């Protein structure tokens, strides 16, 4: 960084413009605006504006049941595509459904039930055209782990089953409430990095458990896990890698192995020689289970807790999957509306012998690759599952459990995305730490601990960003009035006698003390440097407030103190580019008067110009007196 | 906001400068820098640099025992000032000490003990020249409330006393650890607004309790409170209101009332007619109490909890008081070093029959107004208390408790600072909500609940700042290349065909989804507006990243998606002024290549210039091809 002689901008006087104090806003109005931005950032009611009541009613129905929106324009070409996609995902849903139900320690038939009613509900209410509804491995394992802590599924299968329905019910209620209360953003707090680590950890746990099953060591214990719920988000970055041409092979593999495995067992009677098989599956559609929900039970709190945790994780996967495909096909997904759809689907599911369902990434990707056009593919899948339930369940009698384990493992392997972890390391070390913490927490402690630790670390990062904001010295970019971070732009030159600091975060209670000390230290260091080199002594400190989004009363006090310290050290404090919020509060707290509105400039360049004018001419900035006169008026 | 015809900046080609990608930093180096800024923002080891070992040793002693730093230059003039100040604060410390000990349900003599040893320790180790060490009402009441939940002070006074010493010990250990581990910033999380509300709430509780005592309703219960610990911070803003000329009156009032009250009781023998008096006070100095610390007890966790909570609150008051006077006299206070001093003072105190002490605001203000020069005033006060302990305790036999209650009430009234609350309402509504929550929590629930609720709301605000960042439309300020928020600067004009958005917070997982939707909505709204008015259709979207301090991998994904959506809508995404951190991560994640480095500009003005050049000439920006050629090299 050189130390260029400063060239007076010829346009100094004309250039310098006053920092505008935004007009005062009534509290209620700004509160309303803030609440709207917090809870309705997507402005979902925009289409309802200026419409007659009847039209609003139709729009309202279409809003909550999007099927009425797209069904009228449904064509035969769409049906053909949806039919192929629906059959394809049914071929995945049947074996995976049975496998995941086993993983959840629930009767295998529940996997089929859960692929029948929930997809129908989603087809009515969901706004994604690509989501394939079904059960997922992580939520299944989490159910097994959390309910299993309280009730042994083998000793008391009936109670366990009822608790699983109850947990599903509460998951649905929680999901729908998040949507109705517009609190969908809670799901955002599960960051990308958390989800990658969490899923890989859960997948590791599931694979280890299934390997035990395959190796016949003993009956596996489902101590922890959560995996596939979260597959979605991480997979977004990897869509490009998938090869649609070969997807049929992977899409059909599970069903093929089930068929081949079953035939093999049937022919060799291996079930009599120690190979475990699924056994008898009851024919017939979902029996009602509303009466099985237990609301008065010593285990109610367990059911609620399980419901909330599995519900939010299922939501994270479902929403992310829906969004990523919507982005791909350029249509819009309303997160909060989707939550209501997921919630309703699970509430209905819990009353019709289904356990937790969501939109798993793998199956939705197959649906997408098979060319689905609308949610009709879910209806086709449901019909296929219905036919299976009515007529084909005996065929699964001889399906060996080891095939189910293999299906689970092959699904899980895809979730351990070490490449994504490497990418995190390259781009953002802190995200990598979050990811590894989630992984280690899930693998070495439990799914809940992994989740809590990762979320806590992520939040800590946000707090640290605010608590320890960056401050930079700015320098002049040659032949311009632009001032930028001297570490980023190494060709900048400093302005003699002027220290320019940029504060890179809102000034809040959490960082007010830090900033006061840091600013004092910058000034000390600058004065030391100038003293040792014998240059012009420091006379102006310009704070670039452009990146200070907001300030609270602790921050105002801090600025007041900085101002006092500067006065005592005979330095002039100059503010550049304070934003609307900051200016408003500086004004309300009268700090603007103490600093002097003439010492606030629109850009750093203008502030430096004014400082230089005075440094070199000894006269005050011509604008200053003008604005002082203005202030007196 | 008008819609000015855009004037080509004549300097467009020369002006446009490339956004610099900061040189890659080794991970260890940047980690080291970040850790240093987090834990050593004040660079306490600066003076040790480049010094010989012997000098470092001397500096080390002076660092931990500042008395060796200032004692050699101590003068007789200083002593005279310090003597007057010391006697003045002793006259406050003795009656207040006795009152607060009663408030803590502890033997009154402890109030005197606590004004003897701890001030001596602080005089050695503390770096504030104005702090007067002593017990405080809030910590006293909190001790009574928290320990009282477990042990009844009347039924089991010995256990209660021992727990009080143990709590003091743990408070000291906690304080010293915070200082040694450089975690002093934890105290910053008690914001200004929290403290105002908290103190007023605690004062309200104390006053109600004392009124009961004065009105003789029954023996008061100490259910909750915390008051005066926090007096400090809020009082900073009100220093100007104090009238030093009359401070002698208020400084001497407590001692005068004690003397007059005692004489009155002695003469009228009112103690025999139901007026409660202090009674016998043991003569002699602090007995050792190390053996009284109980580390093996069913109540250990209560003692630790009480210690930590009272410790952190005492710290908040002491540090804030020290800092505000240091600022006033223009010397420096090292927060972490002060914490070590406070901690040591309380550890030593707990072994010499003292309970929790800190630097109360009221007494420090008296010290300051009486003209103290150094910590010697604390030594003078300690000597005065020592003389009292050795010879004068019988004089307090007839002091009526009602006088003590009045002393407490008059101290407490000053803590209810409704003006500060009004100031909060004027400047920052959110801070007012925090303040009121703290007040209501303390008054209607308990001190701990009030504190936790207020801190939680404050943190929620930080999280909301990040989760729901402001986005603004920027417009051109007439006759300049400056672009500012159109809501703040109403004279700006829009640029046809170009939408300029400013993002006002770091882009993190917590806001990535929101920002994606919000940006899409801005673009929708702009296109709707242009369509309805029939103006030039939108072609460029410029994101001003100047206020985006950092970005994580979720944020990078979000930008990737925004880029894809813009491509699909045939809009060009342009970035202006990305900071060092953001540029680094855009580069590492290869997003810079997708956006094109030629679409990143140093200022919004240059970005608009380039967009306009292409809009009006149909030709690409002359710089673009240049930089594409550059990129290929």
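Placed from the backbone N, Cα and C atoms, the Cβ positions cover glycine too.
What TrEMBL records for B:488-611 is domain 'STAS'.
Annotated transmembrane segment per TrEMBL: B:108-125 (among others), in sequence order. Packing against the transmembrane segment (B:108-125) from elsewhere in the chain are residues 64-67, 90, 93-94, 96-102, 131-135, 278, 281-282, 285-286, 340-342, 344-346, 348-349, 352-357, 359, 375-376, 378-379, 381-382, 385-386, 388-389, 393, 396: each is 6 or more residues past its ends and has a CB under 8 Å from a CB in it.
Residues or ranges marked as transmembrane segment by TrEMBL: B:131-148 (among others).
Annotated transmembrane segment per TrEMBL: B:160-183 (among others), in sequence order.
If you look up TrEMBL, you'll see B:189-208 (among others) marked as transmembrane segment.
If you look up TrEMBL, you'll see B:246-267 (among others) marked as transmembrane segment.
Per TrEMBL, transmembrane segment is recorded for B:308-328 (among others).
Under the heading transmembrane segment, TrEMBL lists B:340-362 (among others).
Long-range neighbours of the transmembrane segment (B:374-392) within the same chain, counting only residues 6 or more positions beyond its ends whose Cβ lies under 8 Å from a Cβ of the stretch, are 67, 70, 74, 78-79, 81-83, 85-87, 89-90, 93-94, 97, 112-113, 115-117, 119-120, 122-123, 126, 128-129, 131-133, 283-286, 367. Feature annotation from TrEMBL assigns transmembrane segment to B:374-392 (among others).
For B:399-416 (among others), the entry in TrEMBL reads transmembrane segment.
The transmembrane segment annotation in TrEMBL covers B:436-464 (among others).
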*May I ask for the residues of the chain that lie six or more residues beyond the transmembrane segment (B:340-362) and have a Cβ under 8 Å from a Cβ within it?*
64, 92, 101, 104, 106, 110, 113-118, 121-122, 125-128, 131-136, 139-140, 143, 164-169, 171-180, 228-229, 231-232, 235, 286-290, 293, 310-311, 314-315, 317-318, 320-322, 411, 414
*asked:* So, taking each listed stretch (B:131-148, B:399-416, B:436-464) in turn and counting its Cβ pairs to the transmembrane segment (B:189-208) that are under 8 angstroms, which one gives the highest count?
replied: B:436-464
*For the domain 'STAS' (B:488-611), what is the mean per-residue pLDDT, to the nearest integer?*
90
*Count the residues of the domain 'STAS' (B:488-611) that DSSP assigns to helix (H, G, I), to strand (E, B) and to coil, and report the three numbers in that order.*
66 helix, 21 strand, 37 coil
